[in-house]
Amino acid sequence: MVTRGGNAPVPGAAVLRAAAGPGGSVRAGTAPEPAPPPVPHSRCPPPAPARAEPSPQYMDYLCFRGLCCKGPPPPRAEYDLVCIGLTGSGKTSLLSRLCSESPENVVSTTGFSIKAVPFQNAILNVKELGGADNIRKYWSRYYQGSQGVIFVLDSASSEDDLETARNELHSALQHPQLCTLPFLILANHQDKPAARSVQEIKKYFELEPLARGKRWILKPCSLDDMEAVKDSFTLLINSLEERDLEPSRM
């Protein structure tokens with residue numbers, strides 16, 4: 001401590017010592033320089049290092065893996081349907097065309113046959129029953145296990161055949177094993193001059209009062225417009241899917 005002729009401390013002595021240069025000398029009239037202010041901490045993260053671009057070989061590997069290792073496609077839903085209608089209504093021809101079979105190999109069904117009809121979101125296992133007089137009385141034996149019904153009628157048939165088709169459809173709509181199932185009713189042979197319109201069929205078959213509250217779809221069709229036939233089956237598939245989602249069946 002620096003004193004002035006005695007023991008009293010000299011004001012600012014500590015400051016002068018701090019400002020001393022090499023060898024302890026102090027320059028007169030100088031004061032120590034203030035310390036620089038602290039640098040505030042930056043909140044921004046440091047820049048990320050540059051990432052190297054993947055090599056062409058690695059990109060080829062990713063493409064190969066995406067094509068070959070994605071696994072099998074999800075399974076499609078399957079539904080068991082029964083297809084009925086009089087002989088000559090065109091059941092076999094329609095189903096064969098939906099299965100992309102050659103029309104030259106189409107033979108009218110006399111007993112029953114089963115076809116797997118593929119669609120984008122479902123496979124329909126269709127049990128087609130012959131429509132002859134001696135076969136129709138056995139139809140009900142093949143109804144068990146069905147999840148939907150396809151009824152094909154000849155819209156250009158005679159009055160007698162149309163009346164018979166009407167009675168068979170009424171019987172199917174009221175059968176205990178079919179009455180709660182979705183129905184696809186196809187008014188076939190619309191390409192023929194004598195074909196009746198859908199409105200005429202609906203009125204003649206009394207579908208509105210008879211099938212009220214039931215799931216039924218009535219559509220015109222012909223072999224000349226298979227896209228319309230596929231659209232009709234798509235509506236049936238939608239109805240089958242909706243029935244699966246009902247709370248009472250879960």
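The backbone N, Cα and C atoms fix where each Cβ goes, glycine too.
TrEMBL annotations:
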REGION    1-52  region 'Disordered'
COMPBIAS  33-49  compositional bias 'Pro residues'
BINDING   GLY85, LEU86, THR87, GLY88, SER89, GLY90, LYS91, THR92, GLY131, ASN188, HIS189, GLN190, ASP191  GTP binding site
BINDING   THR92, THR109  Mg(2+) binding site
Give me the Cα-Cα distance between HIS189 (GTP binding site) and THR92 (Mg(2+) binding site), rounded to a whole Å. 13
Looking at the binding-site residues SER89, THR92, THR109, the one with the fewest other Cβ atoms inside 10 Å is THR109
Please determine which of the binding-site residues listed here (LYS91, HIS189) has the lowest count of neighbouring CB atoms within 10 Å. HIS189
Among GLY85, LEU86, THR87, GLY88, SER89, GLY90, LYS91, THR92, GLY131, ASN188, HIS189, GLN190, ASP191, the record's GTP-binding residues, the widest C-alpha separation in angstrom comes to 22
Cβ atoms other than its own within 10 Å of the Cβ of THR87 (GTP binding site), all chains, total 17
